[in-house]
Each structure stands twice: as C-alpha cells, then as structure tokens.
C-alpha cells in the first residue's frame with residue numbers, strides 16, 4: 001500500500017483515465033500503459049514501467065469526460081464535454097474518426113467489448129457503447145483496422161423535466177453485462193429509480209431492478225454475477241444477479257461517485273469526495 005508511480009501535469013485537471021487492456025503476459029512486462037484525458041482537450045499516454053509520458057494528443061477542443069481503449073488495446077476512444085467521440089491511434093497520434101451522434105451533451109461512459117460480427121449480423125470484431133448525459137446510449141460494431149464502424153442500436157430513456165437543469169441530475173451510466181451476452185445495463189435519472197437490463201437481440205428492456213435512490217456509479221463484475229451501485233446518499237449496494245439479492249454498505253463520507261471491480265473480481269474499489277475504499281469480496 002505505497003505510492004509507486006506518480007505523473008503530474010501542471011495547470012490541467014485530469015477528468016478520466018483508462019488502463020490499456022493487458023495482453024497475456026506476466027504483470028511487469030512492457031505493456032503497462034494508462035491514457036488520461038484532461039480539461040484542455042488533450043490526452044496523454046503514460047508508460048508505468050518506464051515512468052514516462054509517451055504520447056500527447058489533442059483530439060478534442062473541449063474537456064474530456066470519458067476515455068477507454070478498444071478491446072484489443074490498439075485504439076483509444078475518447079468523449080468530450082460537447083458530446084463528440086474521437087477514435088485515435090496511440091501509435092501514430094492521429095485521430096482517425098470523429099462521431100457527432102451525441103453532440104450537445106457530455107459523454108459519460110465509453111466501453112468496449114470483444115464481439116464477433118455474427119453475433120448480431122454486422123461486420124466487426126468488437127462492440128462498444130457511448131452514453132451521454134441526455135440519457136442516450138449508442139451501441140456500435142467496429143473493425144478499426146478496416147476503418148469500419150456501424151451503428152447497431154440507439155437507446156433513449158425518458159425522464160421527467162428537472163427544474164434545476166441537466167447539470168444537477170444523476171449521471172447516465174451503461175455497461176455491457178459480462179454474464180448475459182448481448183445485454184447491457186443502464187442506470188440514470190428517469191421515471192423510476194431502477195436498473196434496466198436491455199437485450200440487444202430483442203431490442204427491448206428484459207428486466208428491471210428497483211433501487212432505493214438514483215445511482216451515481218455502476219460497475220459489473222467480470223468474474224461473477226455481481227453488480228455494484230453507488231448512490232449520492234453515501235451508500236454502496238451489491239446486487240447478486242439474477243435473483244437480485246441486495247446487500248447495502250455504509251462507510252463513505254460523501255456521494256459514491258465511482259465503483260470499479262478489479263479484473264479478478266476479488267476486490268471492489270469505491271471512491272467518494274475524500275476517501276477511496278477497497279472491499280474484499
């Protein structure tokens with residue numbers, strides 16, 4: 001439990017970051033990379049093993065709000081405060097594609113997963129989703145090496161009007177479900193406080209789980225049928241699917257704005273205003 005590496009960028013806020021997917025090599029190999037998105041629209045790729053910045057790119061004119069690597073780690077997808085999604089090559093530093101489908105609303109989530117085209121009758125070697133603050137989720141099938149990107153589905157979730165404006169609402173969050181292929185989970189401000197399971201095959205919501213509050217963070221375990229949801233009421237809920245058994249945990253000093261399962265599924269990390277908690281499952 002000690003600080004191993006620290007990178008500092010002066011006069012900029014880091015708004016999002018992502019690890020490059022680790023290939024099938026031992027931990028400690030030269031593949032430890034992190035990409036971080038900043039308030040000036042830049043992205044920086046850092047090498048953990050060499051403790052240096054390898055690349056700086058500026059695919060956006062406004063602050064970044066979400067960033068992730070493609071499933072194979074060969075591309076970087078980034079989303080901005082203006083709703084634009086950029087696809088950049090970390091080897092060349094070039095932005096190869098910009099998608100404006102969510103324009104006007106900040107991107108809240110970007111996620112990629114390995115899928116073959118025959119799963120949904122479209123060509124591509126991975127699926128990815130983008131979620132924006134206006135409760136919209138787009139799902140895409142892509143093959144970046146062949147410059148192929150096709151919209152697979154477009155979801156819009158209704159909600160009552162907010163007198164305080166969009167900035168005061170809980171975030172719109174979505175994630176592919178590891179234990180139910182072809183399904184994604186969505187939480188956000190809406191008519192009800194609930195988590196929705198949407199089937200990409202059936203093109204409809206197939207399951208709803210009631211929640212005590214609107215969610216502020218979401219993570220699905222890659223190793224078990226577990227879903228972690230954080231709330232603004234300083235509460236963390238662990239849901240066991242598919243029976244939806246719930247366990248609630250207190251301990252945070254503020255809104256649980258981030259929760260993330262470790263790749264092994266044995267630990268859960270949660271964060272609030274001034275505390276980071278690590279839970280053993």
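Any Cβ shown, glycine's included, is placed from N, Cα and C.
In TrEMBL this protein carries:
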type: DOMAIN; residues: 1-281; note: domain 'WDR90 4th beta-propeller'
type: REPEAT; residues: 57-98; note: repeat 'WD'
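The DSSP breakdown of the repeat 'WD' (57-98), given as helix, strand and coil counts, is 0 helix, 20 strand, 22 coil.
Along the domain 'WDR90 4th beta-propeller' (1-281), the predicted structure has mean pLDDT 92.
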